Amino acid sequence: MVHFHPFGNVNFYEMDWSLKGDLWAHDPVIAKEGSRWYVFHTGSGIQIKTSEDGVHWENMGRVFPSLPDWCKQYVPEKDEDHLWAPDICFYNGIYYLYYSVSTFGKNTSVIGLATNRTLDPRDPDYEWKDMGPVIHSTASDNYNAIDPNVVFDQEGQPWLSFGSFWSGIQLIQLDTETMKPAAQAELLTIASRGEEPNAIEAPFIVCRNGYYYLFVSFDFCCRGIESTYKIAVGRSKDITGPYVDKNGVSMMQGGGTILDAGNDRWIGPGHCAVYFSGVSAILVNHAYDALKNGEPTLQIRPLYWDDEGWPYL
């Protein structure tokens with residue numbers, strides 16, 4: 001049985017998303033278990049936040065107390081415990097948390113996996129289990145194994161999308177037992193800007209009304225108020241593509257309809273995730289707050305869909 005993100009009967013469109021509390025976050029994803037909400041984001045050991053209502057957030061510690069031992073095998077230069085860009089899904093009674101180990105600007109990288117039976121630290125079953133590496137890249141590869149996102153296709157088959165710069169966004173089929181790449185699975189490139197420096201990363205795929213929507217981030221994060229990050233989207237009838245934007249331009253040729261490029265206060269929105277509860281949807285991302293010297297800040301906003309099935313804010 002597959003549960004993507006069990007948000008229960010919450011109607012996202014009826015909520016007031018004026019977030020409060022501990023909102024420092026980079027590359028956030030969300031899950032909900034019972035009545036409690038959780039955010040996982042980039043930081044020491046993967047940072048966790050929690051909320052009783054999805055609006056008021058507080059820090060709740062970390063997934064890993066230190067860098068998992070095996071990481072140095074794949075990323076020898078990694079000398080701190082800063083883990084990047086997690087993604088979480090719930091499948092067959094287990095939470096699967098994917099995350100990235102890398103150093104800035106290099107593609108010597110690895111995606112790791114941790115599992116847990118619950119997200120509630122008060123539960124006696126609460127324990128993050130290190131499941132080791134999922135897929136890695138080296139300097140000789142033309143892709144970068146960071147920014148994981150797991151998506152289940154309409155037949156319930158899990159896939160992993162990932163990628164940052166280099167040749168762009170990748171997709172590979174997962175084994176349903178291990179939730180790691182299936183034997184002989186082919187690595188597919190599904191989106192690329194088509195020109196250097198190929199500033200595309202952070203894929204997130206969702207399925208809605210027979211279309212797969214590929215959300216990505218264009219341009220540059222991590223520069224505070226100088227960031228140029230923006231969220232773009234395309235869609236396909238097939239999970240493997242071809243993904244095209246609103247104008248029919250292939251995402252393999254630089255296509256991507258801009259969903260959000262920020263404003264004077266919220267600069268460089270990106271690294272987004274999209275969740276559904278019934279017919280309602282939210283967009284989760286970080287943006288750099290110009291009023292706080294460019295601090296990366298959690299954003300959750302209702303995401304709407306036009307008559308042609310394209311998302312808008």
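Here the Cβ of each residue, glycine as well, is placed from N, Cα and C on the backbone.
Fair warning: this is a prediction, and the values are worked out from it, not measured in the lab.
Annotation comment: Swiss-Prot describes D27 as active site, proton acceptor, evidence class a curator's inference. As annotated by Swiss-Prot, substrate binding site applies to D27, G105, N144, A145, I146, D147, S164, F165, W166. Swiss-Prot lists E201 with the feature active site, proton donor, giving a curator's inference as the kind of evidence. Summarising the annotation, Swiss-Prot assigns site 'Important for substrate recognition' to H271. Taken from Swiss-Prot, the feature Ca(2+) binding site covers H271, and the record attributes it to sequence analysis.
Of all the recorded positions given, namely D27, E201, H271, those whose Cα is no farther than the 10 Å limit from the Cα of I146 (substrate binding site) are E201. The number of other Cβ atoms within 10 Å of the Cβ belonging to the residue listed as 'active site, proton donor', over all protein chains shown, comes to 27.
Counting every protein chain shown, the number of other Cβ atoms lying within 10 Å of the Cβ of S164 (substrate binding site) is 28.
Around the Cβ of D27 (active site, proton acceptor), the same chain contributes H41, T42, W84, A85, P86, D147, A202, H271, H286, each under 8 angstroms and 6 or more positions distant in sequence. The secondary structure of D27 (active site, proton acceptor), as reduced to three states from DSSP, is coil rather than helix or strand. Sequence-distant neighbours of N144 (substrate binding site) (same chain, 6+ residues apart, CB-CB distance under 8 A): S102, N107, S109, S137, G163, S164, F165, W166, E201. The number of other CB atoms found within 10 A of the CB of I146 (substrate binding site), across every protein chain shown, is 23. In the shown protein chains, 29 other C-beta atoms lie within 10 A of the C-beta of H271 (site 'Important for substrate recognition').
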